[in-house]
Amino acid sequence: MSSNYTVNCLLDSVAKTCGEGPFWEPVTKTLYFVSIADGEVHLWSEPNNYHSTIQVGEQPGNFVSFVIPCQSGGFLAGINKSIVHCDWQAGELKRRVLHKVDPQEPIRFNDAKCDPAGRLLAGTMSLEKEAGLVMKPGAGSLFGLDLDGSIKTLDTGFSLSNGLGWHGNTFYFTDSVARVIYAYDWDAEAFSISNRRVAIDFSKLPEQEKLGVPDGLAVDADGRLWVACFFGSRVLCLDPQSGQVVSQIPMPVPNVTSCCFGSDGELFVTTANHWGVREGEQPPPQAGSVFRVTGLDGIRGTPSVIADQGLLKVIKMPSNYTVNCLLDSVAKTVGEGPFWEPVTKTLYFVSAFDGAVHLWSEPNNYHSTIQVTEKQGSCVSFVIPCQSGGFLAGINNTIVHCDWQAGELKRRVLREVDPQEPIRFNDAKCDPAGRLLAGTMSWEKEAAVLMKPEAGSLFGLDLDGSIKRLDTGFSISNGLGWHGNTFYFTDSLARVIYAYDWDAEGFSISNRRVAIDFAKLPEQEKLGVPDGLAVDADGRLWVACFFGSRVLCLDPQSGQVVSQIPMPVPNVTSCCFGSDGELFVTTANHWGVREGEQPPPQAGSVFRVTGLDGIRGTPSVIEGPFWEPVTKTLYFVSIFEGEVHLWNEPNNYHSTVKVSEQPVSFVIPCQSGGFLAGASKSIVHCDWQAGELKRRVLHEVDPELSNRFNDAKCDPAGRLLAGTMSLETNAGAIMKPNAGSLFGLDLTMETGVSLSNGLGWHGNTFYFTDSPVRTIYAYDWDAEGFSISNRRVAIDFSKLPEQEKLGFPDGLAVDADGRLWVACFYGSRVLCLDPQSGQVVSQIPMPVPNVTSCCFGSDGELFVTTANQWGVRDGEQPPPQAGSIFRVTGLDGIRGTPSVMYKGSLPPISD
């Protein structure tokens, strides 16, 4: 083993009692672990370097011993002697006990892992009087939770069940009190173990008295065991064949609890804090930390396995659903490719042979059409919004990016495939990382009659813009989706849905096999052919049946029908999930109808299925004033009217939402749907339910003060920061100076501000404005601690040239180079300021005096809001265009930092 490794403290003393059970999830590069006696699950995201904590134990004294993410969403946790499934519903953590073991024994779960098939093995142990001193020796067992939800005892007689893992046909399992790691013969098919023998006996190792006891372990690709040593200050690398030490990694704390492999050459190590420390003593520095060992060159770990959805109890399928026609006969030929965008509650879909992309906005109940191609005989087969703005469309055999520039739709061909073949794109989706997978098919003479069978392929468009062929030989490439490490893909003509092993890191698929064969389903002759599909959170496939008048819900594990939804038209083309319990379904119009016949009523309609209680879909993945770039929508407020405004650029459509009778000072869309608004001194979540705006107060601040919220923004992690101010007698004349504060949702960050205003970030610096003192402050920003410190003056308006003409700093935006673009109330301009020098870089004169805020849109574009009557003397009239929204274009070379949506969890909105 390389000796050039490095041990770094990743999360300092993060576990208050006993950090344990690390699990590395490679797709999102997230480390899960627990703090046992605190009842906490911890997550650390490598891409964002962001650490969060979830309180899983509902009461003090609840031990949470392991955490394993589930394929179907949420995670499994060992809480005391129960295996519990935890998941979020409407922003709230829900817990569901799957199994409770040995109710009469003084035991709890300890370590657990999933086998390569996703089945859970979890060990119990006696409760402890103190670390390592168990109440009832030999009371622990090893349990196996199978894919049908059943649980069985695999072995018994352990005092302190601990580290476990696999290598080939051998299973390893630890009893810490006995200081032994056992080996078993592993029968994967029967889900059983046999032939227990000692693989590692700590009492026989060199300098065994210094090693402590074996705790959690990880197995590398060569079958070596990497064992955490509690009371031993190290991780040992052991050869289970010889029973000897290969190498060791000294750790800076005594009580090392477990480890797991991350990327190649990387090991995460958890440790205990107060657990195992004698009464009256203090734990050493860094106890309870998570450490990251890097530079283990040549060492590859066996990957952590997430829990299969079969471990969860199957819920009863709802029967009280309703099918409603949402958009009647909207597609002239083939409606296809529905995509639900939850932030703005917008449904995208195509009408394939009309060359049209359709959008339906739920809040406004507004439907619009975009003509993507005018060319006769062309086909637009899919639409997927892009994170950077605009959308991707499949036009014939090309992938095209469409976006608006100066009100005009611009098209740019990204890739063309198989130019010599008579093929076109058909269905497509983005994987959880936002990469595009799109299938092709032969052109058709008529519905399902191909010019060239098996000419289709599946292509993958990677984030670097490169494209590769993932598989070939399909006649009609169709419905696709993911569940955990499985990818599904449909060939309609073969009437088959295939399953593949999905390698997210390699962006590849392998091991093709049949998951669903329509020819083998009951009454298969009535089902037609499988078309587009959606995957729910439990891994079931919801499949549109062309020629079949229904949507089938199928279990890909058993290959059987779970339930079905009859539709009032024969040619059902695709479906996607909307909100919980809601499914959107597209259909064909003339396509598939015999010559001379007329399509039935409602053919080509989009239908909305509601009342699918308990069904949650996997979300579609998308590649102040607030600019939302996906749908090109500008949000802003009219403060004293209590209104939120939305302007959609593609349709040049403006709408207004009445939020409150009180002043509404900010609006920020939420990633989970709806938006946050500052209504007087409350933070309110607003969302539409059944076409009606519902409001829920999340927080109210300063109940004893005559204050209201003013400006707000979300930090790059999606957390809200919002400032308050004293109420005004008129513009700029506040009732109580220095009464305002800056809040981080639940957390007061700063106080003593008169009129909280413009805020923003650049790197590790946070900017915040107090308008009456004409100052923009800079702070040090601690993203991990969600805190600010070291306040200093970045910009003092009183020291700027011609300061008497500038008015007051109001809202601001930060560009990609860290310059501040500041609206000047009473100043008739937007200033561009350099916060390093405190000087003016440039300015944009505006045709009205009271400029209130600004935000960046597309590159080189700035939206500017202004006041109308506010700030105008009694008896005077506001100037023309006061209260207008202005759009500044042509700021060449200027890129804004994007507005960030609120990403926090939200409670459900009730009636």
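Note: Cβ is positioned from N, Cα and C throughout, glycine not excepted.
According to TrEMBL:
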{"type": "DOMAIN", "residues": "18-273", "note": "domain 'SMP-30/Gluconolactonase/LRE-like region'"}
{"type": "DOMAIN", "residues": "334-589", "note": "domain 'SMP-30/Gluconolactonase/LRE-like region'"}
{"type": "BINDING", "residues": "GLU336, ASN478, ASP531", "note": "divalent metal cation binding site"}
{"type": "BINDING", "residues": "ARG424, ASN426, GLU444", "note": "substrate binding site"}
{"type": "ACT_SITE", "residues": "ASP531", "note": "active site, proton donor/acceptor"}
{"type": "DOMAIN", "residues": "623-868", "note": "domain 'SMP-30/Gluconolactonase/LRE-like region'"}
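For the domain 'SMP-30/Gluconolactonase/LRE-like region' (18-273), the model gives a mean pLDDT of 90. In sequence order, GLY337, ASN426, ASP427, GLY479, THR490, SER492, GLY532, ALA544, PHE546, THR573, SER574 are the residues of the same chain, not among GLU336, ASN478, ASP531, whose CB sits within 8 A of the CB centroid for the divalent metal cation site. Candidate binding-site residues: ARG424, ASN426, GLU444. Nearest to ASP531 (divalent metal cation binding site) by Cα distance: ASN426.
Checking the binding-site residues (ARG424, ASN426, GLU444) against ASN478 (divalent metal cation binding site) with a 10 Å Cα-Cα cut-off leaves ASN426.
For GLU336 (divalent metal cation binding site), the nearest of the binding-site residues by C-alpha distance turns out to be ASN426; the candidates were ARG424, ASN426, GLU444.
Local packing around the Cβ, expressed as the count of other Cβ atoms within 10 angstroms, is greatest for ASP531 among the binding-site residues GLU444, ASP531. Around ARG424 (substrate binding site), the C-beta neighbours below 8 angstroms that are at least 6 residues distant in the chain are CYS379, SER381, GLY394, ASN396, ASN397, THR440, MET441, TRP443. Among the residues ARG424, ASN426, GLU444 said to bind substrate, no two Cα atoms are farther apart than 12 Å.
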